[in-house]
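Annotated compositional bias 'Low complexity' per TrEMBL: 179-196, in sequence order. Per TrEMBL, the feature compositional bias 'Polar residues' maps to 197-234. Look at TrEMBL and you will find 277-368, 396-498, 1036-1134, 1262-1348, 1488-1566 tagged as domain 'Ig-like'. What TrEMBL records for 512-607, 640-734, 741-834, 837-938, 945-1044 is domain 'Fibronectin type-III'. Look at TrEMBL and you will find 177-242 tagged as region 'Disordered'.
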Amino acid sequence: MSLPFYQRSHQHYDLSYRNKDLRTTVSHYQREKKHSAIYTQGSTAYSSRSSAAHRQESEAFRQASASSFQQQASQYALSSEVSRKAASAYDYGSSHGLTDSSLLLDDYSSKLSPKPKRAKHSLLSGEEKENLPSDYMVPIFSGRQKHVSGITDTEEERIKEAAAYIAQRNLLASEEGITTSKQSTASKQTTASKQSMASKQSTASKQSTASRQSTASRQSVVSKQATSALQQEVTSEKKSRKVVIREKAEHLSLRKTLEETETYHAKLNEDHLLHAPEFIIKPRSHTVWEKENVKLHCSIAGWPEPRVTWYKNQVPINVHANPGKYIIESRYGMHTLEINACDFEDTAQYRASAMNVKGELSAYASVVVKRYKGEFDETRFHAGASTMPLSFGVTPYGYASRFEIHFDDKFDVSFGREGETMSLGCRVVITPEIKHFQPEIQWYRNGVPLSPSKWVQTLWSGERATLTFSHLNKEDEGLYTIRVRMGEYYEQYSAYVFVRDADAEIEGAPAAPLDVKCLEANKDYIIISWKQPAVDGGSPILGYFIDKCEVGTDSWSQCNDTPVKFARFPVTGLIEGRSYIFRVRAVNKTGIGFPSRVSEPVAALDPAEKARLKSRPSAPWTGQIIVTEEEPSEGIVPGPPTDLSVTEATRSYVVLSWKPPGQRGHEGIMYFVEKCEAGTENWQRVNTELPVKSPRFALFDLAEGKSYCFRVRCSNSAGVGEPSEATEVTVVGDKLDIPKAPGKIIPSRNTDTSVVVSWEESKDAKELVGYYIEASVAGSGKWEPCNNNPVKGSRFTCHGLVTGQSYIFRVRAVNAAGLSEYSQDSEAIEVKAAIAPPSPPCDITCLESFRDSMVLGWKQPDKIGGAEITGYYVNYREVIDGVPGKWREANVKAVSEEAYKISNLKENMVYQFQVAAMNMAGLGAPSAVSECFKCEEWTIAVPGPPHSLKCSEVRKDSLVLQWKPPVHSGRTPVTGYFVDLKEAKAKEDQWRGLNEAAIKNVYLKVRGLKEGVSYVFRVRAINQAGVGKPSDLAGPVVAETRPGTKEVVVNVDDDGVISLNFECDKMTPKSEFSWTKDYVSTEDSPRLEVESKGNKTKMTFKDLGMDDLGIYSCDVTDTDGIASSYLIDEEELKRLLALSHEHKFPTVPVKSELAVEILEKGQVRFWMQAEKLSGNAKVNYIFNEKEIFEGPKYKMHIDRNTGIIEMFMEKLQDEDEGTYTFQLQDGKATNHSTVVLVGDVFKKLQKEAEFQRQEWIRKQGPHFVEYLSWEVTGECNVLLKCKVANIKKETHIVWYKDEREISVDEKHDFKDGICTLLITEFSKKDAGIYEVILKDDRGKDKSRLKLVDEAFKELMTEVCKKIALSATDLKIQSTAEGIRLYSFVTYYVEDLKVNWSHNGSAIRYSDRVKTGVTGEQIWLQINEPTPNDKGKYVMELFDGKTGHQKTVDLSGQAYDEAYAEFQRLKQAAIAEKNRARVLGGLPDVVTIQEGKALNLTCNVWGDPPPEVSWLKNEKALASDDHCNLKFEAGKTAYFTINGVSTADSGKYGLVVKNKYGSETSDFTVSVFIPEEEARMAALESLKGGKKAK
């Protein structure tokens, strides 16, 4: 079957696979369809032999091995021949419509081929291998070499090709192995047993014959029919008892060995058995028709048993999401993916991923689903090859010599909006129409073929082609083309699609970025790029956020915390082996815009791994395993990486790339990246926690503007290798500059709704993405984008404009660094169709008249219709007695000049004329009817009027007027011309002549014009008879210099050649340059040579001399009068010749004259720089008029690339005072430069050199890079700091104040080279001279800082400023005395002046209003506030230079609340002050002897005087004779007990009380008896004596 012609050039995924011979074993494919008779019979015959028959024949085979070996070569050839015949018979049967069952072979005895010397591995089980003959392999099936061979010439070849293709497809699509049923095996064994018994009963003479037949039977298998029983002729040889016993013993020995081996492996450690997944059989690629089923299968080994996951285009397959579509099975290590009813969407790359604890491995296979676009019976299609119609592959070749393809109902320029749907379509008409064959339809966007996706779908209904957008994005904007192909013929149609931005959710937010792509994918990062949107929402875009999402999930995460401006960004933190999609959002000050369309999925893999996966063949496994052994190379430390370079550097990140080392062993390596600041050797490891696996790395968090160097180390288990060579110094910043604004925006008409805008591309733009064009209605100030997808080139058609409206345009360029500035606005242009027929000519005049002819002249039409006028047509008619006749054509062929001679007229007849102009758009309207002219012989003596006046080189104050001589010169020749002009609006009497004397030239440069004024011109000719009639008017012409006007430029090159150069940016394809001298063509001049290329032209003088004086003009045809001229007079001639001489005998141009500078080590450098030097340039060095040469004292160097010439001296001595000169010679050019070093100049230079030498010596040890300085911290402390370099662990740092060492608690760690000393709460006591000393065994350095006098005042001012800035807002606090206003500062110093003001006036402090500082609180106390204290209070903290104010408003509710709280606190204080209280006098405990008198006195206080009462044991106690209680004068209370007894013991209390409060004072009275005390003491002593015994 031949493929349809529309798939002839289609590239399938498995094309390379189908182009190879398909040779594989039957056991790999497992099963063939039953109707394939040949293959089934061969397989059955192959597997039918039983193990018993094989054992019976083994001895006979050993005896006949010598003879059988000699027969193998011939049998192998016979087998190949039979196979070839079988294939030919199969092809023949298919081509003649035979069924599969009829394709039988009479002789298949040599089907099996001998086994080669090195047999390939197979997937047969042990039992099957045992049943196999030892010298045979399974048959090989050979398909055709190439199945898609295009269109064949004959029907027979097409049918043969179809049969071969179907046979191969059936073979490759087989699902099950070729197995032998148990019944078949049993029948074969029965047959073999019967044959064996018959052979035993045969005579001895037949045994030799049976032996030969047995040998032959092992070499061939005969199969007659698939349905008949297998018949084999098997003979066996009688074995002796000794042979049988020996074979049985060998069998038992082998079984014992196997059991011991199994027992040994069972005892092994399970960890030793673990191994990563390994594909024994990989899935193979398939090409199937639609609605067929396809099955992918693979076999995987590994321990633990790997878990297998199937992917489609890197997306996991979910069988539950599409029930019945996919079937995934895993049985005995065989894993299968079955795809049911394939459709075109199933064309994809499929991946089987096997994973266990030891790792992951993937295998890939492609499935291509072919779609037949004709009409056919699907039931026949799926029935098999035998029912396929023979006309299935017929093509239209031979039926039509050429196809005519037309488009009807075409789609036009379309406009859509993001998120909408859109369809483009047209009807396709093809003639002649051929049934069953459909054209090939292909859609393109901007010239790139489109493939169906989730964004775009294509449909062909048989007569209408449709392209549908399911969700419009700005990426869909572009020029869409439909191409219809029939065989070798095609036609196409194109129209533009514009996609506008969706309405923003947040007004003013930017539009969505577009075209998000993954530029580079790696294990560790993926670089994402995008295009900036055209609409920024009205404010500049601050940057972009990048989001990522793992494929198969819906979780988006933001990749960057701060917006990035550069339109490329490396995304890190990815998981190796997983696939991601990305999107980008723009942000401005208003908010974040919509996200972009998501990118295509990309996997985070090593590029080398990707290349390895892509390079894997798609052909099926052939069973051959190649094992290579290499010498182990463990323990090798990897070498340094090579070719380290910075591939990309921006202000946000730097990307490094390198090559792996050559010496690395066979284990994997990882990389460590190190950085250091330029000029230092302080290398820091960047990736300390996570080693890099791939030879690329992105670095973040680099300081913008700083310079860095980078290097890389390799590491493996053996250790870390040496570093690579460091990169060149890299400055962190955007190396890619924003492009410059485009220039020269020129709009031109196109249609009544579109304008073509062209511009000059941005100069020196790198990585240009394209241009955005904006349009604005003239005068509105509102700009709208014309395109939302950047366009490349310098020309774009803006559609969707309003007819008759005037627009202006501007353009900006865009690259990854950002958008350029806008270009200058273009001139306003009215939107209307560009090309139209020209307007009528005008001013028809009679230039000359004869007896039977007349010469007419006219003016070119005012409007030429947008295209060049190609000619004129003249009509005339007779006028008799004032009655005009019929119009007649004067010319059949168009005339190109604005003059024409009409012949064959009647003498003395009056005629009228009219003229019509023509361009490519057609013939314009005829002019107005001319005046009546009489055809008669002119006898006028004076000349006729000049004609064809033309104005060129129009500038703001001049122009050039040209004309042609009159046709009628009069009686005598014309001797000159007079030129007149007037303003266009002036009256006829205001003509003025420009030349008093007649000029002989037919041109005149008119000067002295007023800018912006419109003029008209006329010319009169003169001869000896007088001045003739004036010509027709030229103009009106406005005196102005148009934007972009260029002039002729003279140039003298390096060889002294003089040329005139002109450039035109407004040329059309038909434009040409025309050079003239004195407005006469120079085309044949031998003194000039003209060269034009593109929009530039050059006229070169071969030998400029006096003969070349004149005006040289260059006109550009087919333009709106673009021209320029250059005058070469005698003065200019002298200048040009002098300049030419200078170029012929040049001097070496010098950029910088000889100069002297002192280098770091005190070296002296003499240097100068020339503009450029060739490789032959020489320099002589002169000192005091004597040449000096390179030696120990002088070192010379010349850099011819930069033109820098240098001489170095180690030091300046007194004898080096003098004059130094560098003499240059470069070819024939020479130059010199001198510097004088004498007197004070020399001494100053010598002193500076010595200073630099000492500085260099100082820097060899620890030294200060930045000397001691101070800084006031945010906590208002003073920090003394300095920056040091060249330090080591042994370096000590000592601080001093006023020559006394300062004890520092913390040890300096010299982090970042910064040393600090913190002084807290800095005040006057801290003034002094501070000094810090660095020292070690290499030397010492010191730095001193004076903080006294003015320096101390300056520091204190800064401290006070910080303290003032730390002040909190004023707060209001009520107290018992009044209202307090206060603020807290970090700490207070006396130098900080505090001033308070009330309602703008300074507060006068008194006993009632006070201010002060308590700790860190600054307060203002207002005692006994009154309403007059209401108002605004200001606290001003003056730091010595500036005042810092804090305000509070003490009025209204704030005052009322504070005053109320003051009153409350005041009353509380009064109550506390006057309440009753016990002042003292009562003890806590009173111990008294029984019988004694107890007298206690207590002072109390209260206002009013308090009431006094007494308590005993919480009960009221009344005064009596025994206990006397008295209270006198309201201040003193007396407590007296006369003769106390034990009953008086207890707790007593004094209670004082008045209206403000009460208080209780308690005391305890303890009464004891002396005798009782003595008795108790004796008892205690007695107890103590007993214990002692």
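Every residue gets a Cβ built from N, Cα and C, even glycine.
Note: the domain 'Fibronectin type-III' (945-1044) comprises 3 helix, 49 strand, 48 coil (DSSP; helix = H, G, I, strand = E, B). Against the domain 'Fibronectin type-III' (640-734), the recorded stretches 277-368, 512-607, 1488-1566 differ in Cβ pairs under 8 Å, and the greatest number is found for 512-607. Remark: the domain 'Fibronectin type-III' (741-834) makes no contact with the domain 'Ig-like' (1488-1566), by the rule of 3 or more CB pairs under 8 A.
Note on the domain 'Ig-like' (277-368): mean pLDDT across this stretch is 89. In terms of DSSP secondary structure, the domain 'Ig-like' (396-498) contains 3 helix, 57 strand, 43 coil.
Helix, strand and coil counts under DSSP for the domain 'Fibronectin type-III' (640-734) come to 0 helix, 43 strand, 52 coil. Counting residue by residue with DSSP, the domain 'Fibronectin type-III' (512-607) contains 1 helix, 47 strand, 48 coil. Per DSSP, the domain 'Ig-like' (1488-1566) is made up of 3 helix, 50 strand, 26 coil.
Under DSSP, the residues of the domain 'Ig-like' (277-368) split into helix, strand and coil as follows: 3 helix, 58 strand, 31 coil.
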